[in-house]
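Input: a single structure, listed below in structure tokens.
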């Protein structure tokens, strides 16, 4: 009995400490990153953009949220289910290598998170898991494979139009227009030029011939010397005949 009486103060102190630390132990066990009553798989609107070069690439992850979303949980893993990269500005790190961001409720806004990945990492083999807590122990989750082309995760720039396509377009568009525009104009111009030239030459030739003949007749009849020679010629012929 004496031994039990000596141990009572120590047992009381132990029970007191256990009661004090039990809330903390319970909180650490009930990780807010993993405890949800209902988790539904859905297609969330997720956009990812990349920038920077060198040893690290900085990715910006955009998640569309609404007023019912209070928490966004992000996790990036490779094919071996190992975490990839570092998340910047997370509110809390979870036990399963995911990170938790608390979101201020707002209507139709975009949540933004920064993700830094080593340049040596093959990003095409990474899966990005996005989970949104929407209250009452309910969450919506989606997974994005960064190696698959998706409209919601534009990691690669849009390919430019090839030179072959541009050449084909120019040939198709310009050739008919040029042919249609030039052919009637050239035909009309040539026909008009030929007709005008022929008419001008013919008119000029006829006018010149008539003018020359008329001028010769006038000159022959109107000149005094020509009249005198004509009279002399008539006189000589009459003398020879008679």
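Placement of Cβ uses the backbone N, Cα and C atoms for every residue, glycine included.
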Swiss-Prot tags one of 56, 165 as N-linked glycosylation site; which one?
56
Given the candidates 66, 136, specify the residue that Swiss-Prot annotates with N-linked glycosylation site.
66
Rounded inter-Cα distance in Å - residue 66 (N-linked glycosylation site), residue 56 (N-linked glycosylation site):
32
Same chain, 6+ residues apart, C-beta under 8 Å of the C-beta of residue 56 (N-linked glycosylation site), given in sequence order:
116, 117, 118, 119
Around residue 47 (N-linked glycosylation site), how many other C-beta atoms are within 10 angstroms of its C-beta?
18
Tell me, by DSSP, whether residue 66 (N-linked glycosylation site) is helix, strand or coil?
coil
